[in-house]
Amino acid sequence: MLYWLAEYLQEYMRGFAVFQYLTVRAILSVLTALGISLLLGPWVIRRLTEMRIGQAVRSDGPQTHLSKSGTPTMGGALILSAMFISTLLWSDFGNRYVWVVLIVTAIFGAVGWVDDYRKVAKRDPKGLPARWKYFWQSIAGFGAAVFLFCTAQAPAETQLFIPFFKNVALNMGLFYIIFTYFVIVGTSNAVNLTDGLDGLAIMPSVMVAGALALIAYLAGHSQFAQYLHIAYIPGAGELAVFCCALVGAGLGFLWFNTYPAQVFMGDVGALALGAALGLVAVIVRHEFVLFIMGGIFVLETVSVILQVASFKLTGRRIFRMAPIHHHFELKGWPEPRVIVRFWIITLVLVLIGLATLKFR
């Protein structure tokens, strides 16, 4: 919105030309989303408390979590609101990537909202039935995959690139659609599984989004892409504005979500953020790098899969409790220690992911 307005006004005042720079708009996107989150956060928490939208805590989980019962949840709506407002203010409306990411993020957020609402307002512990949850996730995931496949303007947009290797790209054909679907839906649910401790999911999401913002900027710039031997995706740079909005909104939310949390993001936030990260990684052709940078999300998901498989096959559990962050809690680690150590691991993995841009 402001991008187009500035484009019009620069004919009369040359100073508005500064808003044509992607880096300027990305920085403003961070600050705008951060400001919105910090300003609206207290009001959102107060409203959720008044509406009795409180988190229900499992009785079979760590006993230290019982004190969290009743903490306002569905705070992910605050993150999404700040993200969307900031993105719409500073991005180029004519960019197809911006719209597909916004729409998919909104759909996954809506699925999470319904799931949270049924759990909290309707007192239904199961929330939205799993079949319906995955049905709507699949609709959005496949829809995005088909759209990107059909609108691809260059072979690189549907090729699979292998990190650490120069000029290694695999033509996927129609398999691109299936692959994209699994990246989007898989990342969405992986972030959701990670969201079990105060600030545990949001900070890694912020770190990964920040890295993806840089990658999107480089992938959308022909000279940088050529120099780094990464896929050049025309228009992908505009996703840096979206990713920066996620960073700002996430940091603002963390202000209230840090231990001890005043609000939880709920499925409305976790599912949406995961889908957004997965889709951006697909567009900029860095799915494997996302797998590296989001290693904590992968670890949490694998721990659940192994736990379920082991119990069904042998009747024994590998971990004291899954996802794995609960395992460490039951071993005696204080919650803040688990959180910060997982953050540190994510920071290291993000740096490794960014290193793949140069080490080829």
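Heads up, residue numbers simply count up from 1 along the chain you see.
Even glycines carry a Cβ here, placed using N, Cα and C.
According to Swiss-Prot, the protein carries these features:
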TRANSMEM  25-45  transmembrane segment
TRANSMEM  74-94  transmembrane segment
TRANSMEM  97-117  transmembrane segment
TRANSMEM  134-154  transmembrane segment
TRANSMEM  168-188  transmembrane segment
TRANSMEM  199-219  transmembrane segment
TRANSMEM  236-256  transmembrane segment
TRANSMEM  263-283  transmembrane segment
TRANSMEM  288-308  transmembrane segment
TRANSMEM  339-359  transmembrane segment
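Scored by C-beta pairs under 8 angstroms, the transmembrane segment (199-219) has its highest count with 263-283, from the stretches 134-154, 263-283, 288-308.
Between the transmembrane segment (236-256) and the stretches 74-94, 134-154, 263-283, 288-308, 339-359, the greatest number of Cβ pairs separated by less than 8 Å involves 74-94. Within the chain, the transmembrane segment (74-94) has long-range Cβ neighbours (under 8 A, six or more residues past its boundaries) at 1-4, 25-26, 28-30, 32-34, 36-37, 40-41, 44-45, 48, 53, 102, 105-106, 109, 112-113, 116-117, 120, 202, 238, 241-242, 244-246, 248-250, 252-253, 256-257, 263-270, 272-273.
Taking every recorded stretch in 25-45, 97-117, 288-308, 339-359 and counting its Cβ pairs under 8 Å to the transmembrane segment (134-154), the highest total belongs to 97-117. A Cβ distance under 8 Å defines the sequence-distant neighbours of the transmembrane segment (288-308), meaning residues of its chain 6+ beyond its ends; these are 161-163, 183, 186-187, 189-191, 193-194, 204, 207-208, 211-212, 215, 274, 277-278, 281, 317-319, 322-325, 327, 342, 345-346, 349-350, 352-353, 356.
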